[in-house]
Amino acid sequence: MAATCAVRAHGGRGGAAAARGRGIAAGARSRTAMMAARAAPRGVLLETSNEPPKGAGMSLALSRGACTDAKDSAPLRAPAEALPPPSGGADVGLAAPSASPATVVSPAEALPGAPAVPADDFPISGISVGEALFNACNILLGVGVLSVPFALEEGGWAALGVLAALAVCTNYTGKALARCQDAGIAPLSADSAERAKALRAQAAAGNPLASYEDIAERAFGERGRQFIQWVLYTELLGTCGLFYILEADHLEMLFGSPVIAREAFIAASFVLFTPTTWLPDLSALSYVGLLGVVSSLGVTAVVAQDFFVGHDAVVSSTTSVAHMGTLPVTFGLLAFVFAGHAVFPNIRASMREPERFDDVLDLTYAIVGTVCLTIGACGYAAYGSSSAEEITLNLPAGGALATACSLVLVNPFAKYALTLDPVAKELERTLGVSHARGSKTRIMANAARTSLSMAALLLATSLPLFGYVMSVMGSFLTLTVSLIFPSLCYLKLYDDELRAGEKFGNWALVSVGGAAAIFGTFTAVSEILETFH
């Protein structure tokens, strides 16, 4: 689930782009992807027969930054069944459950005190390990990958160390969230076989902790849920604003003309995006959203080819080992690359074999880390201090650039409505209107959604330092969701079971994450003040 960019307006390092307030929704996919529905999927589909689930094989799109309500949870359905998109700010196409149901053990075998029921009475369907891997990669491989070279421009080659550290730490906190989902189901001391039995038995009944918000509420009560929802809603609205900037940048690259002002492309983005928020069934956008992974891999290949062929693998003389003054900003920028925690619980709850989620997470991070290392190193080596907030802005004109830009344009269009949806649903609940098909108040609900879309547009166009503002917010919001809060939940829910060393490690993550958020925010604010002076 977030959105941010840090732009520089001094020293010749990306200053022109900074003056235009360009930003990148680095996780939106958060960016983003980051999961848009109050009626988010439980993640498992309980069947009472051996018939395959309706619509099996189809896929859903989730937008990172899940904002779900436990009391509104519903079984996982295919797009044909008009599932409200799960909340969040990331880009993920969630594959539907495969047709073959998996038989699980009776709860009596894994949960003390459960009634003895034959295992055949608990066949469940869920996504496979491969489908879960695709979903997780689609979350993280969003438009945020485009900002990795700019993060190196801000911090120098030392930013690769920040990237590696964040990968290790957020991988751990992702697994910690998974353990938090098991609170009351399986103790930490359970071996793998015992844990597998307990998890599958609980999956048959429906895991009550199917989302990030559920975990927050279990650990810290209703205030915990409200805090996480506030963080995610703020992140999502900002992401929508940066979608306008991202779309306008690439429309200008493809169709730019001296007689067409950049504001015209932002207005065109508004005209394109807003009607998608009126759709009663957003699942139609899920198929377009599947291009998120293709887009990220395609742009990475173009950047690598540009460095090795276009620049003859010659490293720019304007690269630097480290820029200590702005290195803290890179924590907020690079955190978005690994900001899938808002939807990790949903994916795990959807798995047929939830005990294998840790393996899925490790492989996902290996793939995403390789992509980020490739595009970051090649982009920064090729353009050095001229690396733009979106590396596509540096690429030379040609067929490859046109293809990359076209793929990048798909992401904001497909994800905008999904990203805005949880914020819109909360506003509709407050106003007492409904966006559902056939609702008498649907016109009012569409008007509310349009007003939110206009608010995001105003954020993108009215604030001259919007990129800086989002960098400040991102340093706090994303690190909170991906690093700080998961460890706090883990400590709260398993305080009696954790060893002293693991407690110390989690408190260290909380402390380091808090320090990174504070220093990242302070540095971004300092650059804002420096720009004014």
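Heads up, residue numbers simply count up from 1 along the chain you see.
For all residues, glycine too, the Cβ spot is worked out from N, Cα and C.
Unlike curated entries, TrEMBL annotations are predicted automatically.
TrEMBL assigns the feature transmembrane segment to one of the listed ranges (363-383, 447-467), namely 363-383.
Below 8 A, the CB atoms of the transmembrane segment (476-494) and the transmembrane segment (363-383) form no more than two pairs separated by six or more positions in the chain, fewer than 3 in all. Same-chain neighbours of the transmembrane segment (363-383): 133, 136-137, 140-141, 145-146, 148-149, 151-153, 157, 159-160, 163-164, 167, 171, 296-297, 299-300, 303-304, 306-308, 310-311, 315-316, 319, 337-338, 391, 394, counting only residues six or more beyond its ends whose CB sits under 8 Å from a CB of the stretch.
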